[in-house]
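Worksheet for the structure shown next.
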């Protein structure tokens, strides 16, 4: 059934298919920029610099003529290197300090005499066997400046958090099309600009702006494709936006393996954005948003264009919907104080009544948990042992089958009944990893892949689930605010990983607890499988009630149902024509 939905989508929705693939292509760039710092901010082995030219180097029982020959023997940050300069001075080089031996007779590794300790005023020497240059080596983000390097990913995610809210709200006010245009062009401009920043602070500021526009695009793109795709293919179409995001992660691993200079690496990653920037101006506005803004003529033009592409002879007429829409809005004003037809909406609309408020709190918690687990597993992948490039590639590749399984389960079992078991499974896997011996590297990697798989299902599902739980007038705001909570989890995730220094399993414990709590609370959410998108807050509220309460008070459901015809008319008309 799921695969037939995709086939139906590709054959009957030609216009929607073109719009969809054009839109989700840019999601690869979002995945690229989100994880780019994994290799761009690598801290290689390093020691203090020395004042002069080296004549010989000693590391334990090994001697060499240059420090570059010693790096292959370096095994621990507690090690130090002994160097003898051409003027006869002997220095012991640690990572964050250096010592000059007072008596420099013989070059030996062990020394019991007096030493004078000096700071690293001559800079640092870095191991460039893997990376020729990173932002850490570029601006010496080590020792007392190490905290600046650790802030690179959290500050990026802070920009993602702010961008999710700002652009989600702007998309509801100004339209999805304009936001997609702006954020696409800005991703390319800021992505290239990052490579040419002149110091750490300009680097962080430009990356912050890049994070805002990347997040803005991703949030609005989910809403955009959800409103364009028919109900039969909505699950597969929206979920596989994440598949393109995962491909972006895989591209990061590939480019990181091939390019070892950070600014060249950044330019190559940003070029992936260029093809979409050149054609994004052709994307139309969604009929859903145009109708919610009462721009009926513009909506009819888009529908007529869809009809021509889909070879439909008698397209849907907006004029047939206008009277129903107006009657529904008038009924809302009479029966309820909330006016869903209001032009401006804010985050308080997500707490307009008890049902919507509890739904919002639960959804926000799921967003937070999904993001926290997703990035804890992703950021930890490069430290699981073995080849870090292969690990990151696998951590991205494991998402591709997980979305296929998630789509089948969502169509068979429903959104809620899929979300609950996978959240609980994530918690169980976190507990399981704690009992695996640390020398079982392969098993640890497989368990982490399984954890990423299960949390990936929940993380991918919540985008679509949120869009279906809320009406058109606040849908982008709901997804945007949910994404904001998700980015709070993203900001917390790097610090959560740092807690490994307290207890190696602390990050897994936190993720497991949050996943279990989220899975239990998800039971309270309504099922949205097979239901039309709602258009008013009244309809969204009634969706969570039982049949008895719905019969006592009939909501103005025609608006959402009629709007759904815009999604489905291609299939209905084509089938009739055949």
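Glycine too: its Cβ is placed from the backbone N, Cα and C atoms.
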Candidate ranges 94-115, 116-137, 204-225 [criterion: TrEMBL lists as transmembrane segment]: 204-225
The annotated transmembrane segment range in TrEMBL, which must be one of 323-344, 389-410: 389-410
Annotated range (TrEMBL: transmembrane segment) out of 63-83, 147-167, 294-314: 147-167
Confidence summary (mean pLDDT) of the domain 'Major facilitator superfamily (MFS) profile' (72-530): 83
Among the ranges 12-36, 179-198, 204-225, 419-437, the one whose Cβ pairs under 8 Å to the transmembrane segment (237-257) are most numerous: 12-36
Selection from 147-167, 204-225, 356-377, the stretch that has most Cβ pairs under 8 A to the transmembrane segment (443-465): 356-377
Stretch in 12-36, 147-167, 179-198, 389-410, 419-437 most in contact with the transmembrane segment (356-377), if contact is a CB pair under 8 A: 419-437
Recorded stretch that, among 12-36, 147-167, 263-283, 419-437, 503-525, has the most CB pairs under 8 Å to the transmembrane segment (179-198): 263-283
